[in-house]
């Protein structure tokens, strides 16, 4: 793909050629685009793709994936941004072309750090899941073939021969017969997750997988291919952005770092939190992941490395200064009978390092929900991670009871957890903690939880150091629902300003 400063004439293809370029409304993006495009179109496609992926993220947090409301809203967003979404629509060449090119543009922007890659892969997977869910059954086999997936739908005769074995081995099948089910024969190595869970029938090195279960396998294949492609892109960046295309680098940096969420490493509240306020804040405004870390630290006077990183960066993000952080951790560890000299030699360096004062001088960013859920799961004796993702359901229930969540609320949260909607479950906890019907935002970050909580508790205002008094917060009331709406308006305004800033950057 080449770029030029002025407007360029698009390739004009006959009907058959256009269909051959993009036979489906979804794809694995196996081949990069080869046409020339103008810088103006490059910029517009980058903006629209980021808008789409941000919508995918927000809908995935605020709605249960796969529900009618989720499906309808995501389809409306694809239609609004003029990207492909359904088969058999007339004049689909341009939406599919936009989808293809914009995906590869964002590969350039989102290959450049682990957090960017993780965010990009997750949103692209959710987008593919949606598109596959509305793909007509008679188009699935062609899509699998075009995606180089050796998955073959077996004949009715093949189903009849293996009917009892497949039904007995596949919990996702609810009926006693396979008449209405499509069964795919795939290589055993592609179904290892189902095999480990004893949820698939095997025969002669092949797995016989119902359509309901094949979605996860397709997504795993897509994730593996995209992850490898991003690694290759990262190593190719110096070549791709040679002298004539070097002007794209600032543009790509701006694109990548504007939309993975707010950067909570910027300490806009530095010094506004005092150490004697943390205990109260932990019960009023900490998300459960940080609340359990704080409780474990107070009880055990120690946290392992994973807990110190997750909790320490969160505290940094809510406003603790380096000096406060050193004092906070030292006081707690010394209470655990640790020698002060040992703390100075073994732990203070790591704290200064997380603030960018040692080593490579990297100013580390607090962990997002996605990073906590997907990376470094806790082991025995650890307290980090996401309670909704990593806790046993019974222990989670007990924890929610100790937080004074109502029995009905606990059941709602546990149902969301059972459906793997961990961030939605945390958002539901937020609403119950603050007695609001709708919190008015999509929860993607523990520090976002804290700041939105403080905004509600302080009447829609930002944190003020003197505003946090022990046990004097007003009881939740209907006013908080209004404050949540204010928070939503503030969030939407911020997003619109960010989008305007990105568009101004591109057009400047």
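Note that Cβ sites are derived from N, Cα and C of the backbone, with glycine treated the same way.
What TrEMBL records for 289, 369, 386, 426 is [4Fe-4S] cluster binding site. Positions annotated as compositional bias 'Polar residues' by TrEMBL: 469-479. The feature domain 'DNA primase large subunit C-terminal' is assigned by TrEMBL to 281-450. TrEMBL lists 466-487 with the feature region 'Disordered'.
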Enumerate the residues of the same chain, 289, 369, 386, 426 excluded, that satisfy the criterion Cβ within 8 A of the mean position of the Cβ atoms of the recorded [4Fe-4S] cluster site; list them in sequence order.
-> 287, 288, 372, 373, 387, 388, 389, 422, 423, 446
Using Cβ-Cβ distances, find the residues under 8 Å from residue 386 ([4Fe-4S] cluster binding site) that belong to the same chain and are at least 6 apart in sequence, listing them in sequence order.
-> 289, 369, 372, 373, 422, 426
Other C-beta atoms that fall within 10 angstroms of the C-beta of residue 289 ([4Fe-4S] cluster binding site) | 26
CB neighbours of residue 369 ([4Fe-4S] cluster binding site) within 10 A?
-> 24
Roughly where does the domain 'DNA primase large subunit C-terminal' (281-450) sit in mean pLDDT, to the nearest integer?
-> 93
